[in-house]
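Per Swiss-Prot, the features are as follows:
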BINDING   His79, Glu81, His147, Asp166  Fe cation 1 binding site
BINDING   Asp83, Asp166, His227  Fe cation 2 binding site
BINDING   260-264, 342-369  FMN binding site
BINDING   Cys428, Cys431, Cys461, Cys464  Fe cation 3 binding site
DOMAIN    254-393  domain 'Flavodoxin-like'
DOMAIN    423-474  domain 'Rubredoxin-like'
REGION    30-210  region 'Zinc metallo-hydrolase'
Amino acid sequence: MSILVKNNIHWVGQRDWEVRDFHGTEYKTLRGSSYNSYLIREEKNVLIDTVDHKFSREFVQNLRSEIDLADIDYIIINHAEEDHAGALTELMAQIPDTPIYCTANAIDSINGHHHHPEWNFKVVKTGDTLDIGNGKQLIFVETPMLHWPDSMMTYMTGDAVLFSNDAFGQHYCDERLFNDEVDQTELFEQCQRYYANILTPFSRLVTPKITEILGFNLPVDMIATSHGVVWRDNPTQIVELYLKWATDYQEDRITIFYDTMSNNTRMMADAIAQGINEVDPNVAVKIFNVARSDKNEILTNVFRSKGVLVGTSTMNNVMMPKIAGLVEEMTGLRFRNKRASAFGSHGWSGGAVDRLSTRLQDAGFEMSLSLKAKWRPDLDALELCRQHGRDIARQWALAPLPETTQQIAPVEETITCTAADLGPKMQCSVCQWIYDPALGEPLQDVAPGTPWNDVPDNFLCPECSLGKDVFDVLATEAK
C-alpha cells in the first residue's frame, strides 16, 4: 500500500512493528521502525531507496502493484546500509539495466553487500542535478559520516522535499506517516534516542553540513526521512533540535548507572543520589542498574547529562562485564562537555574502580574523585557516600565549565619540541579535523610532540573515524 506524500510523491516503504534489535543488538528498537522508500512520478519515474533485506520480496511485489517496474527510470540510493538498500538484489533482478545514482563510496558498500559490480552505477557529488521532467530536478548533497561514508541527501525542486536519509529520522513505527499525526512525546523521545545513540560521534559534522545545506537557499516544505515520520508540519523544528544537540549538549541532569553482585554498589548509588539531591534538589538524577535497564535509555540519559557516576563491584580485580561494555560504547560515542566519577565496592581486593576511572578518562570525561567501599557499606560508609554526592553536586552545579583535571598534565608542560621540529599540521579532507603534532591525540595514545610520519598506521580521525590516507597537509602550511 502506498501513501501520498505530496503531489506525485508516494511512500512505498515497509513498517516493521516487530523489530527489537538494530545494528546487531546494539540498538533496541522498542517502538519498532519503518524503512521508508519513495516513488516519484514525474516525466521520469524515480525510486528513492528500498527497504530492509528481509522484506525484499514483499517490497518488490508491492512496488509492482504501484508501477510497471520497467517504467522506473532512475533509482536513487542515499545510503547503502541493508535497511536502506537491502531489496536491491531482488529489484535489480527484474530491471537490471536501470541506473543507480549514488556516491562513489556507496558503490563500494553496495558491491560489498550485493556483489553485482555490473549494475549501472552513476556517481553523483554535492551540487549534481538530475532532471526528472515537469520543470523539476533532484539535487544531490553528500553527507559523509552522517553516519556512513557513503551517505547523501536528495532534494527535489518544485515540491521542496528533502529526502534526508538517516538524519532527522527515528526508529518509530506508526500507521500514520506524518509528524503532526503521531504522539508528540513518543516522537521526540525517539528522535533524541536516535541522535544520542547513532549520531553523537559525528556531532562535529552536523552543524557544518546543515549550514552547507541551508546555504543553498532552497525552501524546505517537507523532510522525508529513511526511518519514522515524514516532517510536514514545521519541518525545520527537527533541524533546530539537531543544531542544539550537536553543540556539546547537556541538561541540568546527572545519570548514575552501576552493576552490583551483592547489592553493595546499589546501596552506594542510592546514597550518592540522596547527597546530590540534598544540595541541589533541582537537578534531575536518574539511576540505572545496567543488568536490568535498557542500554540505549542509559546512553540517552548520559547524552542529556552534565555528568555521570558509574559504579561497579570488583570481580577478579576488574570491573563488571556489563559496565566495561557500556563504558566502551560511551568511548565510541565520544560524548563531550561531561564530567564523571567512578565508585564501587570490593571485598578482599579491589581494582575495578581505578580501572573504571582510567577508562572514563580515556573516554573523554572530565574526572572527579572516585569513591570505594569495602564489603557492605555500614551507616558510616553510607554517610561518606552521601557526602560524596553533596560534593559532586557542588562541583558540577556551581563550578564553571569543566577544566583540565589534575590527572592530566597541562599540554604546555608535556611539549618539549618546537612546532618547527615536528613537521606540518595535517587536516582530514572529509571533516576538516586538524592533527597538530605539538598536541598529539591522547585518546589514541599519540603523545604530544609526535610528527605525522610517526603516527601509527591504524590512527583514525577522532571526528569521522577515517584513516590516515584521507589526511592532507594543512593548506596554510603547504609549501
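Each residue, glycine too, has its Cβ placed from N, Cα and C.
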Three-state composition of the domain 'Flavodoxin-like' (254-393), taking helix and strand from DSSP: 65 helix, 36 strand, 39 coil
Densest Cβ neighbourhood among Ala352, Met367, Cys461 (binding-site residues), 10 Å radius: Ala352
Other CB atoms, at most 10 A from the CB of Asp166 (Fe cation 1 binding site): 23
The domain 'Rubredoxin-like' (423-474) - residue tally per DSSP class, helix then strand then coil: 9 helix, 12 strand, 31 coil
Binding-site residues listed as Ala342, Cys428, least Cβ neighbours within 10 Å: Cys428
Separation of alpha carbons, Asp83 (Fe cation 2 binding site) and His147 (Fe cation 1 binding site) (Å): 13
Sparsest-packed of the listed binding-site residues (His79, His147, His227) - C-beta count within 10 angstroms: His147
His79, Asp166, Thr260, Gly347, Asp362, Cys461 filtered to the binding-site residues whose C-alpha is within 10 Å of His227 (Fe cation 2 binding site): Asp166
Fewest Cβ neighbours within 10 Å, where candidates are the binding-site residues Glu81, Asp83, Asp362: Asp362
Which of Thr260, Gly347, Ser357, the listed binding-site residues, has fewest other Cβ atoms within 10 Å: Gly347
DSSP-derived structure type at Asp83 (Fe cation 2 binding site), helix or strand or else coil: helix
